[in-house]
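**Q** Below, the features straight out of TrEMBL:
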DOMAIN    11-255  domain 'Lon N-terminal'
BINDING   Gly409, Pro410, Pro411, Gly412, Val413, Gly414, Lys415, Thr416  ATP binding site
DOMAIN    693-841  domain 'Lon proteolytic'
ACT_SITE  Ser784  active site
ACT_SITE  Lys827  active site
Amino acid sequence: MAESVELPSKLAILPFRNKVLLPGAIIFIRCTSSSSVKLVEQELWQKEEKGLIGILPVRDSSENVMVGSAMAQGGGTEPTERSPIILYASSDSHKLDEKNQEEFIHWHARGVAARALHMSRGVEKPSGRVTYMVFLEGLCRFSVQELNTRGTYYTAKIIPLQTTKAEIKLVEQDADFRALSLHFKSIAMELISVIEQKQKTFGRTKVLETVPLHKLADIFVASLEISFDEQLPMIDSVDLKVRLSKATELVERHLQSIRIAEKITQRVDGQLSKSQKEFLLQQQMKAINEELGDNDNDDEDDLATLENKMQNAGLPSNISKHAHRELRRLKKMQPQQPGYNSSRVYLELIADLPWKKASQELELDLKATKEMLDKDHYGLVMVKQRIIEYLAVRKLKPDARGPVLCFVGPPGVGKTSLASSIAAALGKKFLRISLGGVNDETDIRGHRRTYIGSMPGRLIDGLKRVAVSNPVVLLDEIDKTGSDVRGDPASALLEVLDPEQNKTFHDHYLNVPFDLSNVVFLAAANKAQPIPSPLLDRMEVIELPGYTAGEKLRIAIRHLIPRVLSQHGLSPDFLQIPEAVVKLVIERYTREAGVRNLERKLATLARAAAVKVAEQEQVVTLNHDIQQLPSPLIENTFSGGAEVGMEVLPMGIGNHGISSTFNMSSPLVADEEMLEKVLGPPIYVEEEASERVATPGVSVGLVWTPLGGEVQFVEAAAMVGKGELRLTGQLGDIIKESAQIALSWVRARAADLKLASTKEINLLHGRDIHIHFPRGATPKDGPSAGITLVTALVSLFSQRRVRADTAMTGEMTLRGLVLPVGGIKDKVWVCLTSLVFSHLP
Ligand code: ADP
């Protein structure tokens, strides 16, 4: 910033329309009019740094302003302070801008000399007009003595209005001035800090110490966004004290207006109550949703439907209160708010649960029920009898608290279908809840709603699905529940099954009691033994031990084949499966105690037959229909249009023709060849036991598996070694121990068994024993292989073959005691298979 400048007595004048340039201020201008371009070119561009011009404010002639007393017309007396010069432009009109012609220009009598800090010259295309961009810095005030024109622009004779250093020193000693300057500095400081806070930029207060006060006043006023009329008097304030007080007044006023604006904002903010803010936010959210294409109305409709549903759900009064409180909360929420969805899902559940809704119970007709059970299930005489007793007691005393029936047996023996028959007999809906793999109490009781992704337990969820409060519920695989750190599902089940407690069953998710006392509970398990004893106490176990091959054959012929055929849209007219073939399926393609796999295999045969039938249908249509038509007609038909296509069939043999052709074809009869084609090569081809035991060291055992009984061969071999025992075939610890016991027992009895001549002879001397259980991929365990192991070892050491027609099972103690065995019926079903088949007609 220039300290003091030597001003010439004459300056080219650039008029500033309604704008003021103050000393110390920097302004950017773009000159496009011919007069200003000429001025800049001649006075600044060509003179470079030495160039100075005068900036003189002019007021728009259209504005209605007071014209001062003194008028300078082309020269004359010096205008007094604040008085504009009015130039009657017509005097030199031929050279001036057209715009100024015939207009009075209200020149201000004082202006500010300026120099160019930076300039650039441009040429507009395609007109070729020259323009200038100039950064001007205001230097010092001057007053106009005489205004003239030079070519197309004005010039003026001027008197600089600079304050000398002496004058500055003098005024600085003035007490008033000092007080004024202190005041100015403080408000200037305040203004700076307000601006800095707004703009979050700091470090501008330095300017207050580095720039002299008289210049600061101009700079501050120049930086304020104030009107032309407010800034104009600053040019006229030549006296330092006047200038400072003027600047103080302007800065203070500006600061005041900033403070008022802030106060208003704060007051408005404060006046917006919480709900108003919420409203505003909701409106914004709505607008955003609309922009995104989400439709809020859907949610409103949904909530109305939900409320309606809740009202019709027959909620008990305390639960209704609870639910409506939750609904009120939900209505206040925005769909995007966390918790909205979970709250809604919760209320949906409450509205869907069958609080009062129940299916009407049928008057129990025991005779009809018995007939139905017989019709649906082959055999199971004792089981059916027990079911009838159970139902009879219910008929006489509907609220009888008898034990829960628990069907125990291998898969596919009809546990589920018996339970569903009971439901049908009672005229109730049937619900099966699988408890397999349930380790966690929350599976039964649900998760508390505080957890993310929480949901109700299986019972409440199931009841929601059946939508009645009195269904028959089968707790399937109740023996497969475990317990771990997450709680014991069995204790939750106890509450479910206890008539005293289940009136107010508490699900953590639902969090209000639900009455389960109208539900008829049944249970099913593969084994009774893993069921926790408190649970078992509440139940009456009904065993379904598995079917013999003969039973399976009867079940297949009477129940499974008719059902499978109808499920596939077939009848015996299309597919026939002779008994002998069913036998083959049972023997070669299934190995199970129940009939589930058998049903599946029969279904596979039915599917294959269905495909054949469908293919036959197509062949009929094409062969007879189209090919018999005379060829020109075909051409006409296909070129003719849409409805012609429909004519193709009737013109041939028609629908009647198809069905009769179809009926005429003989039914498909399943045979061994078809079995191999459809079901693949036989899965279970048992070598004859006699072949397997042809070498010494092999014995035949019977084992129980969850799928029923199986024949298990045990193979033993001896080889040169150090007397070690090796065991293979995926054996568990118990079976390994049985092998050790068996070997020890045989060694101890070596002489008695005539395996060695004297007691002193070590049977294992110089040899190792290897025992293998074939089907090495299936894990095996349990103590009942004991006797089979002993037999295999004795056979090995004595080199005598075992009988092929005898299988054995039983745990043996070290002293040679064979303990009682269980699951005999399951275990022997394999043997029965061959037996029964050999006696079947
Ligand atoms: P589980 O529940 O014991 O595993 P399911 O009840 O599901 O077995 O029975 C499997 C299939 O076998 C069902 O289609 C069922 O109707 C049929 N089934 C089982 N036992 C018999 C039976 N004694 N008579 C007729 N069909 C039976």
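Every residue gets a Cβ built from N, Cα and C, even glycine.
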**Q** Work out the three-state DSSP category of Lys415 (ATP binding site).
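**A** Its secondary structure by DSSP: helix.
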**Q** Tell me the residue counts in helix, strand and coil for the domain 'Lon proteolytic' (693-841), as DSSP assigns them.
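**A** So the counts come to 48 helix, 36 strand, 65 coil.
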**Q** Round to a whole number and give the Cα-to-Cα distance in Å for the pair Gly412 (ATP binding site) and Ser784 (active site).
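**A** A Cα-Cα distance of 25 Å.
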**Q** What does the structure give for the C-alpha distance between Pro411 (ATP binding site) and Ser784 (active site)? Integer Å is fine.
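**A** So the Cα of Ser784 (active site) lies 22 Å away from that of Pro411 (ATP binding site).
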**Q** For Pro410 (ATP binding site), what is the secondary structure by DSSP, using just helix, strand and coil?
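**A** Its secondary structure by DSSP: coil.
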**Q** For a quick check of packing: other C-beta atoms within 10 Å of the C-beta of Pro410 (ATP binding site), how many?
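**A** So the Cβ neighbour count for Pro410 (ATP binding site) comes to 25.
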**Q** Do any residues at least six apart in sequence from Gly409 (ATP binding site), in the same chain, have a Cβ closer than 8 Å to its Cβ, and if so which, in order?
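**A** Result: Lys415, Asn526, Glu543, Leu544, Pro545, Gly546, Ala593, Gly594.
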**Q** Using Cα coordinates, what distance in whole Å links Val413 (ATP binding site) and Ser784 (active site)?
**A** 24
**Q** Can you grab the distance from Ser784 (active site) over to Thr416 (ATP binding site)? Cα atoms, rounded to a whole Å.
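**A** Ser784 (active site) and Thr416 (ATP binding site) have their Cα atoms 30 Å apart.
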**Q** Would you count the other CB atoms within 10 A of the CB of Gly412 (ATP binding site), including those on all shown protein chains?
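**A** Around the Cβ of Gly412 (ATP binding site), 24 other Cβ atoms lie within 10 Å.
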**Q** For the recorded ATP site, enumerate neighbouring residues of the same chain (Cβ within 8 Å of the Cβ centroid of Gly409, Pro410, Pro411, Gly412, Val413, Gly414, Lys415, Thr416, site residues themselves excluded), in sequence order.
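**A** Same chain, not in Gly409, Pro410, Pro411, Gly412, Val413, Gly414, Lys415, Thr416, Cβ within 8 Å: Phe407, Ala524, Leu544, Gly546, Ala593, Gly594, Arg596.
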**Q** Considering the recorded positions Thr416, Ser784, which residue's Cβ sits among the greatest number of other Cβ atoms within 10 Å?
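**A** Compared across Thr416, Ser784, the most Cβ atoms within 10 Å surround Ser784.
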